[in-house]
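Step one of this worksheet: look at the structure below.
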Amino acid sequence: MQKDFILITLADDDEDDRMFFTEAFDELKINTIVNTVNDGVALMNFLQAPETILPNIIFLDLNMPLKSGIECLKEIKSNTRFNDIVIAIYSTSSSEDDIENTFVLGANIYIKKPNNFGKLKEVLSEVVTLNWQYITSGLNKDNFLLRL
Amino acid sequence: MFKSKLFDSIGFIRTTFLIAFFILIFLASITYRHIKELDKISYSIMNTYEVSLELNQLISYIKDAETGHRGYVITNDSIYLEPFIDARENINKSFQSLSSRIDLDTVKQKQLSRIYDLVDKRFYYFKNNFSSKTEFNNDFRNGRIVMDALRKEVNKMLRNENKLLSSKDRLYRYNNSNTPLIIFSTFLISILTLGYGYMRVIKNYKDLMNQNIRLKIFDESSKQAEILGKYGSWVYSIENKTFDYSDNKFRLMGCEPQSFLPNSDNLLDNIHPDDREIIINAFKDIEIAETFPLLRYRIIKKDTLEIRHFKTAAKFFTDRLGNKNMIGTTQDITEDFNKTQLIKLRNKELEQNNKELTEFNHVASHDLQEPLRKIQTFISRIEDKEKENLAETTKAYFEKIQEASNRMRILIDDLLQYSRTNRSEKKFELTDLNTIANNAISELSESIKEKNAQITFKKLHEVNGIPFQLEQLFINIISNSLKYSKPEIPAVIAITSTKTKAYEKPKLKDNSKREYIKITFKDNGLGFEQKYAKKIFLLFNRLYGKNEFPGTGVGLAICKKIVENHKGYIFAKGKPNEGAIFEIYLPV
Amino acid sequence: MINSFITFTKNPKKDTVLKLFLKTDTQFLIKKILEEKLDVFKVKYNLINNNEILFLETIDTETYNRITSVLNEYGFEIIENQKNIIVQKIKECIIEMIFNDEAPAVKSSVYLADKLNHSYGYLSNIFSEVTYTSIENFIIIQKIEYVKKLIIHHDLTLTEIAFKLNYSSVAHLSSQFKNTTGITPSAFQRILKKRVQINNQNIN
């Protein structure tokens, strides 16, 4: 189990947010490999590249230039190759409509970006732990819905 | 209606006159027959009369001959023979005229021939030379006997004729007495019939005149109405392809009334070029379809070259002669059109402004979140890592920054919530206020515990509303009461609901019987001066300084917004230090 | 768990160069190899995932050694960890406890300690160490998972589910569901229904 790394990809156009994200995982004592892309197009290119090792969890910002998080979500969900990837929406919006819509489109997790670094660490840790349970304890990923 | 009555009476008059005509023909034929008959009778009477006259003449001629003969015999003077010779001639003439008069009647003919024989016999006895006295005496005697027989025969014939005459006279009299009665009565009938017919004609004529006057009045008033209402009427003959325009129809088109003969060829002349297609399509296949759509099109006025908007409706009808026609009305709707355009434009502008405003509000509050979140996250980073290393004053400044950013967070969150009550989908459903109250209380459980508050509600009504907005409404009002509760005593908030009708509550300014659910929130908190009752619902309006009570002045504005979204009313009543009452009226 | 990218460069003749790009599904590959190798031993097993094999019968030491050596040839390393075994047992015990309609009358801690013959504190420590989560949390996760299943497949009302899973009230169930997943049970139900609708639309 020590060999197992959880592969995490974040798609967010905001540099500071990417920084908070990677720093938070650095400080968390979980075996994760985090890589980040700057927008939706880059994310889809990364996922579709043949040499890519598919991540376990993708964190998706909704509001991105070129290709929005929703578009990415739809594309990922329509490709069976990405079936095993857990999608976490990572957005500033706390609109109920947005949240429900992304869940309906197949997102597993909805995270409203916290305004406190400690809180961010807490949230990310919870996501990874719960995800771990889904991987190791034979839970039905289709029922995996989490809002933080 | 009156039309059919008129046509009925025309039929009636026609039959009346027909009857009178036939009666008169009948009358004429009867009269003719009677006159013809009378003529015949009078002729035969004349005949009879003349026969008897001629017979008498005959007798008198014989007498003359007798007298002349006697004179001669006595005197032997030939002068007496003259009448005797004349008599013979006259008698022949008489017989000729008699036989011509009675040549058809064989009985009379026989009688006449008998008379003739007797006359002949008589004349046999008229001899000039008597051989003897006895001969003379015998002759005289025989002459006497023949004469008597003749006389008898003539008398018989005369009697016969007289008898005939009197019977014919009777018939003549009889006929004469019936004829006038028949003629008079039939004449009377025909006069009566004609008279009745005349009366009817006069009556109908009067009716017609009245109708005519009324029609004229109507026509005049409709002409005025056409001018006032800016419409014109027209009739289109489908067969002839010609129009009959009312005066005002010409005026609407900017022409002198009846200044030209409208037909299908000049129909399109002043129609706006872009709208000609509409007219062409409407008149196409008109004979078969027998329908005419409601048209809206533009024309160019002939005199002023101004563009006007017209609306035309038409209906088909077939007249008594079987001609297909169309009767239509065309109205100048330019003013209405312009007004609607203006209203539409204003509405659109208003909608646009409103949309922009909510959009602005949303975008502003939403986009402000991003940098603020970063500021706060960086603050938390510094707090975690560096706070202990800061100098005391810097630390104090740092805490100020933290406070200010927290307050900004609350403000933005509230604003966002406010804008969301406008933007979110408005799905109304039957909502149980008890559930709403329960949810609100559990949502506020922490601060309720903290304030040691007691919130009571019992059997609240159901309303038609947006559940999450109603929940927000309850949360905001309850938390407002909790916030402004008296610190020394536990807060008590009572929620009640009643059903009421609009006209029972004058402050709703609605006199209808519309039903409302009135929800009342009563607390025992700090209350407020009644003069602020309206102000507290305004956005960013606060009655207390933010240091006394934290808040943004958005909470109650959201409440007002939510209530307005539900087409309801919200009122506040307050007394300083006694508490506040919030009344919400939501339509059932 | 790690995908690899292999490029073969075949060069049978000097003048023709054939280059094949291959993409492998390592997950599938691992599964296939494990199944092939394990089937030889004719033992009942269950591939929990590509990291864990659960043997459904007792295995003697000889067979165990043969299995380890065969798997080692293919680069599989057997992690012999007593802790893992205990954690696995705890998980099984919890799942059995929850999915069994006859709920145990005792507290879960007592139930587990009793069943596994270890002190609860010991079990709890090992569990947290291996799974990054606590037994209590794991129980809740599993319970909520069961609630989800019941909501989706059995058309039960929340009241019925609360009763079935021994919750003191619907409110308790609802709040635990919301605390664990961040959404209310009714929202969960609604989202899943909408997902089904979208899938049906896509199929049609």
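Glycine residues also receive a Cβ, built from the backbone N, Cα and C atoms like all the rest.
Positions annotated as domain 'Response regulatory' by TrEMBL: A:7-128.
Proximity of A:Asp61 (4-aspartylphosphate) to non-local residues of its own chain (separation of 6 or more, Cβ distance below 8 Å) is seen for A:Leu10, A:Ala11, A:Asp12, A:Asp13, A:Asp14, A:Asp17, A:Gly69, A:Tyr90, A:Ser91, given in sequence order. When secondary structure is read from DSSP and collapsed to three states, A:Asp61 (4-aspartylphosphate) falls in the coil class. Annotated 4-aspartylphosphate per TrEMBL: A:Asp61, in sequence order.
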Secondary structure content of the domain 'Response regulatory' (A:7-128), with strand meaning DSSP E or B: 56 helix, 25 strand, 41 coil
PLDDT averaged over the residues of the domain 'Response regulatory' (A:7-128): 89
